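I have placed the structure first, in the form of structure tokens, so that the comments after it can refer back to it.
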Amino acid sequence: MNKAEQLASLVRNAKHMVVLTGAGMSTESGIPDFRSSEGLWKKYDPFTVSHVDTIDNDYDAFHSFYGQRIAQQLQNISPNEGHNILARWEAAGIVKFLATQNVENLHQRAGSKNVAQLHGGLDHIYCHHCGTPSTLEAFLEKKPCSSCGGRLRPNIVLFGEMLPQDVWSQAFTEIARSDLLLIIGTSLRVSPVNQLPLEARGKIAIINMDETPFDDKFDLVIREKAAEVLREVESLL
Ligand code: APR
């Protein structure tokens, strides 16, 4: 059996399949990932633009980076066939739960409903100092908080911040009870998410173009593009 046939066999036999995705899920939607050769962290220092301290220390750098990512999200990005297939698999009862590190909401826009956004989402803005909710437009126009004059930010997990406890424990529980964990498009370099696969008790498969530090722990490693593999697997189900 080729690797897509092996994955199709694992999917057919799974009773509680869970999916964990990263930025590699969205590159085929035109959104760069972070650590591959064309990744964002090759152009920007993550600890400058994506660290919580930057909001107070260098708001211009923080705002410039996230302003362009939010503007891009509002423009012409859309789910790719990989997102659509995972949504169809949820509707068919194949995928029971999806945890993502991604913040552009493409899984939900494709129709996935049972989604845990482990690193939050770019589509909600609030004041970093008083928590008052604000709007994408106010953030893009670099307006101060309407309540305290503080600095606005998207509701995502920055370096130096904790993950939302509710989504973390939901993902932890679902992965621990899965009999198949399918990991797609993540370098598994960022904790604590990269510890989640170690909680899986069943089979683990990964679709990722580059190797990860955990590949030797997985039952199936597929070094191909996510959407292509998912399309082939769907045709074999
Ligand atoms: N198909 C399969 N794999 C792909 C594809 C694709 N079309 N495109 C890219 N990849 C792989 C790359 O080889 C890379 O190993 O996806 C992986 C993406 O890894 P990262 O860029 O590190 O992204 P991710 O793992 O999601 O990063 C985790 O780090 O910077 C923080 O908060 C940010 O959520 C992000 C976290």
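A Cβ is built for glycine as well, from the same backbone N, Cα and C atoms used for every other residue.
Database features, via TrEMBL:
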DOMAIN    1-237  domain 'Deacetylase sirtuin-type'
ACT_SITE  His119  active site, proton acceptor
BINDING   Cys127, Cys130, Cys145, Cys148  Zn(2+) binding site
Separation of alpha carbons, His119 (active site, proton acceptor) and Cys148 (Zn(2+) binding site) (Å): 26
Cβ under 6 Å from ligand 1: qualifying binding-site residues of Cys127, Cys130, Cys145, Cys148: none
Chain-internal residues near Cys145 (Zn(2+) binding site), provided their CB is under 8 angstroms and they sit 6+ positions away: Cys127, His129, Cys130, Thr132, Ser134, Arg151, Leu152
Local confidence of the prediction over the domain 'Deacetylase sirtuin-type' (1-237), expressed as mean pLDDT: 96
Cys127, Cys130, Cys148 as binding-site residues, winner by CB count within 10 A: Cys127
Cβ neighbours of His119 (active site, proton acceptor) where a neighbour is any other Cβ within 10 Å: 20
Assigned conformation of Cys127 (Zn(2+) binding site) - DSSP reduced to three states: strand
